Amino acid sequence: MDKPRGGFEPFRFTVYLVGGRWFTVFASFLVMFGAGATYLFGIYSKQIKATLGYDQTTLNLIGFFKDLGANVGVMSGLIAEVIPTWAVLLIGSAMNFAGYFMIWAAVTGKIPKPRVWHMCAYICIGANSQNFANTGALVTCVKNFPEGRGVMLGLLKGFVGLSGALMTQMYLAIYGNDSKSLILLIAWLPAAISVLFVYTIRTLEPGRNPNERRIFYQFLYVSIVLALFLMVVTILQKQFVFPKWAYALSATAVCVLLFVPLMIIIREELVLWKDKTQLPNVSLAAADHSNSTTVKVTVERTNSDQKMSTLWYADIFRPPARGEDYTILQALLSIDMLVLFLATFCGLGSSLTAVDNLGQIGESLGYKARVTSTFLSLVSIWNYFGRVFSGFVSEGLLERYKVPRPLMMTFVLLLSCVGHLLIAFPTPGSLYVASIIIGFSFGAQLPLLFAIISELFGLKYYSTLFNCGQLASPLGSYILNVRVTGKLYDREALKELRRKGLDRSAVKELTCIGSNCYRLSFIILTLVTLFGALVSLVLVARTREFYKGDIYKKFREELELAQNEVKKDDPTVKKQ
C-alpha cells in the first residue's frame, strides 16, 4: 500500500474530484437551478403590466417573446458544435444579465419607458440565455452518461422546474416581498453561477460505474426532500407573515440541501480514489487516466466518421436506422420529427399558455395576490415532480417492459387536459388542483421530448437537434397565448367595461373578473392538447419495434472498445 502523500493528498484529490464526471453533474445541477427564471414570469408580469400600462394582449405578447427566447435554442446548439462548453456558458450568462437587468431598469424607472418591442427584445434575450445553459450543461451530462440519459434528463430538468420556488426563497430572504427586486435577482444570480462553474462542465469520455444508478437515486431522494421542503415552506409563508429572519433561515436551508449532492459525490469519488491509488505500481496520473477512458479512441472514431461522411446535402431523404447518428437535415425532415413537432406544438404550447396566464387567472377568479403566488409556486414544485417522474419512470418502464417512451407522452398530454378543464369550469379550490396537474404535466413533457430525440436521432448532433425539437413550443405559445387566449380575455374585459358604461380610455389597465374570462380559451386549449395526445400515438406506433430492441447496445460496445484500448496502452496494466 502506498504511503500517504501528506499535505499534497487533499489538494490532489480535489483536482481529481473537480476533473471528474460526477462533479460535472453537480455543477450542472446548480446551472440548471439558475436556468428556470422564465417560470417566474407570472410573479413579476403584474408589475410590468401595471407599471407600463399594458393590456392583457400586450402582456401576452411579451410572454410570447419570453417563450420564443426560451425555446428557440438552435443558435446555441450550432454555436456549441464549434466552440468549447465554457464559451457557451459565458455567452449565456452575459445574455441573462443584459436582458433581465434592462427589464428591471424599465420597471423601476431607471430608464425612460421603453417601447413594447424593446421589452420584447429584452425578455427574449434574457430568456434565450437558458438555452446556452441547457446546451452547456444538459447536453454535456447526456453525453457523459449515455446509458442513463432518461434519469439524467429528469434530474437536470427537475432542478429547472424547482428553480422558480428556489429563487422565490432567495429573493424573499435578500429583498423581501418586492417582485421588482425579483427581476434583479434573476439578472445576476444565474449569471454568477455559470461564471463560477464555467470550467468544470465539459464533455468527458463516458465510463461505467457499477454504482451509477444508485447514485442517481440518491440525487433523486435529495431533490425530493428539497421539493417537499419548498412546498411546506411556501404553504406556511402564505398562511403566516414571516419575519426577515425566518425568510433568511428558509433560504439557508435551501442552500444546504442544494449542496448535499456534492457530499454524495465526494463520498463516492473518495472510495474510487482510495481503490485506485492503493493499487501496486499505479501512479496518481494512472489513476486519473483510468477514471475516464482515453480520448484516443474518440479521436480515431471521429476521424473515421469524417472520412466516411458525404456532402452535407447528400442522403437527406435516406436516413440511417433509428438510433444511429442522423445529420441535422435528415432528422429535421424525418416523419418522426414532424410528428414529434406537432405533438409538442399542442402539448407544450397549451401548457405554456396556462402557466403564463396563471397569475391573471387567479385574479379573475377573485383570489388575492398572495394566494395567486401560491399557485405559481405549486406549478414550479410539481413541474419538478413531473420532470423527475417522467425521467425515472419512463427509463424504468423502457428497461423492464420495453414500453415506448412516446407512450408516456400520450398519457401526460391526456392528464394535461384535465387541468385545462378545471380552469375552464372552475369550482371553489379547483385552481389549486389545476396548478398541480398543469405543473406536473408541463414538467413531464420536456425530459420525454429530449430523451426521445436523443434515442431516435443519435447524439452526434444532439446539441442542435434537441434545441430544434422544442421550436414548436414558442410557435404554439404565440398562436394559443397571444392570438387566442389574450384576444378572448381582452374581449371579455371590454364587455365588462361596456356593461359599466365605460370604454377602454377610461382605465389604464384592462382587467377581467369572472369565471367567463378564460372559459372559452381553455376549452380550446383542452381540444388542442387532446389532438396532440392522438398525434403522439402515431409516434408510438412508428417506434414500437425500435423500443423493443436494446437501444443502448451501441454505447456499451463503444465503451468496451475504449476500455480495451486503455488496457493495451497503459503499461501499469501490462505489469499486472
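Every residue, even glycine, has its Cβ placed from backbone N, Cα and C.
The transmembrane segment annotation in TrEMBL covers 20-41, 86-107, 153-175, 181-199, 219-239, 245-266, 328-355, 406-425, 431-453, 520-541. Annotation source TrEMBL lists domain 'Nodulin-like' at 21-265. Taken from TrEMBL, the feature domain 'NFD4 C-terminal' applies to 332-547.
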Exercise for the section: Could you pull out which residues elsewhere in the chain have a CB under 8 Å from any CB of the transmembrane segment (406-425), counting only those six or more residues past its ends? Expected result: 340, 343, 346-347, 350-351, 354, 361, 386, 390, 393-394, 397, 431, 433-434, 437-438, 440-442, 444-445, 448-449, 452, 515, 518-523, 525-526, 529-530, 532-533, 536-537, 539-540, 543
Problem - Segment proximity, the transmembrane segment (153-175) to the transmembrane segment (245-266), 3 or more C-beta pairs under 8 Å - result: yes
Handout entry: Contact call for the transmembrane segment (86-107) against the transmembrane segment (520-541), three or more Cβ pairs under 8 Å
Key = no
Problem - Ranked first among 153-175, 181-199, 328-355, 431-453, 520-541 for CB pairs under 8 angstroms with the transmembrane segment (219-239) - result: 153-175
Handout entry: Residue numbers, six or more beyond the limits of the transmembrane segment (431-453), whose CB comes under 8 Å of its CB atoms
Key = 138, 142, 149-150, 153-154, 157-158, 161, 331, 337, 340, 344, 347-348, 351-352, 354-355, 358, 361-362, 365, 367, 374-376, 378-387, 389-391, 394, 405-406, 408-409, 412-413, 415-416, 418-420, 422-423, 462, 465-466, 469-470, 539
Practice task
Count the CB pairs under 8 A between the transmembrane segment (153-175) and each of 181-199, 328-355, 520-541, then give me the winner.
Solution key: 181-199
Completion exercise
Counting only residues at least 6 beyond its ends, the same-chain positions whose CB falls under 8 A of a CB in the transmembrane segment (181-199) are 27, 30-31, 33-35, 37, 40, 43-44, 47, 86, 89-90, 92-94, 96-97, 99-101, 103-104, 107, 126, 129, 133, 136, 167-168, 170-171, 174-175
